[in-house]
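Residues or ranges marked as region 'Disordered' in Swiss-Prot: 1-58. Swiss-Prot lists 1-10 with the feature compositional bias 'Polar residues'. Positions annotated as compositional bias 'Basic and acidic residues' by Swiss-Prot: 19-31. According to Swiss-Prot, the ATP binding site annotation covers 232, 233, 234, 235, 236, 237, 238, 239, on the basis of sequence analysis.
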């Protein structure tokens with residue numbers, strides 16, 4: 001019995017343990033996926049009822065919509081700017097009309113024509129003493145003249161009848177000087193010159209090198225030349241070489257013909273020379289090219305008329321300007337050109353004023369070949385063209401005459417509706433140029 005009871009108790013214990021294990025399995029939680037995290041704003045619940053049918057749907061813009069919006073905003077900004085500009089123009093238009101009316105009224109008071117005088121002395125706020133080519137006048141100063149800018153020695157505008165001061169010339173430089181100054185450098189270069197190797201070398205050493213590398217002359221302990229004179233027969237490349245020098249350097253190029261320095265009134269010629277060199281100093285480094293210098297630089301003699309004496313005064317002023325150069329004005333170079341150097345005054349071309357004299361002669365065969373090659377490089381030549389026939393001719397041709405032959409040959413080809421130049425065109429052009437030269441050539445060996 002004892003064993004039976006013990007056995008029963010053991011069975012009872014085993015049954016209790018089994019029930020506990022079943023309960024633990026039931027209590028163990030099952031795996032559940034995590035709740036997804038919410039990003040952005042909480043979604044609103046869809047409304048229901050009568051208000052939901054009247055509400056507009058929400059449209060979320062895409063990238064294309066944003067670009068279109070930016071484009072429309074930019075167009076709107078431009079339209080606003082245009083509207084503001086139109087309003088400003090309409091507002092300023094009456095002001096411009098009033099300004100123009102005031103200018104017209106001042107011009108009526110000034111009158112035309114006006115003369116130019118020099119202010120000698122300021123007496124008071126309303127009166128001054130001016131001089132015009134000699135005599136002095138006690139004149140009044142108009143109220144619209146800026147009195148703060150008046151100072152002795154300045155140029156003023158005078159009424160042609162009342163001789164009162166009606167204006168002020170801010171720039172004393174003659175307008176002709178501004179015409180002489182070339183704003184753009186010439187297009188010619190050394191490559192456009194056939195031959196003239198020695199002349200190019202000499203003008204480089206005298207004009208170009210002192211402007212580009214002045215330190216070389218300082219190291220050598222010498223002063224660079226002040227100027228050069230180019231002389232020789234017409235059409236040998238004097239003006240062309242001067243233009244090539246201006247092209248190679250970044251200097252201001254002032255070109256004047258000697259006849260332009262001969263003026264009508266007394267003292268205007270020397271004044272123009274002074275203003276020419278003042279403008280050259282102001283725009284330095286600069287090159288002053290005086291072509292046909294024999295117009296004012298001829299030998300001095302007893303003048304028989306006032307015009308001849310005025311020409312001599314102009315030359316004396318030119319000599320004074322050449323002597324007035326100092327070390328601070330080394331950036332100004334003078335180039336002169338003439339066909340008749342024998343007629344020039346020795347004082348003008350002496351060393352110290354014009355340090356180099358460069359001779360230009362008619363080209364030889366090698367130079368002729370280079371000139372023909374330069375001028376025919378862009379032409380359509382026929383197969384029968386033989387330039388050696390023209391080069392070996394014994395005609396005394398200059399560079400300008402060779403260019404005229406080439407141009408005339410091209411014109412003859414165009415006359416016959418041809419775009420290609422043949423040898424007959426060159427022969428006819430050569431005969432025509434030589435005939436013109438023989439008929440219009442100067443007599444007595446003088447150059448015009």
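Every residue number used here counts from 1 along the chain in the order it is shown.
Positions of Cβ are set from backbone N, Cα and C atoms, glycine also.
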List, in sequence order, the same-chain residues at least six positions removed whose CB sits under 8 Å from that of residue 236 (ATP binding site)? 360, 361, 362, 363, 398, 399, 400
Chain-internal residues, separated by at least six, CB under 8 A from residue 237 (ATP binding site): 193, 196, 199, 360, 399
May I ask you to report the DSSP-based helix, strand or coil state of residue 232 (ATP binding site)? strand
Specify all same-chain residues, apart from the site residues 232, 233, 234, 235, 236, 237, 238, 239, whose Cβ lies within 8 angstroms of the center of the Cβ atoms of the ATP site, ordered by sequence. 230, 339, 360, 398, 399, 400
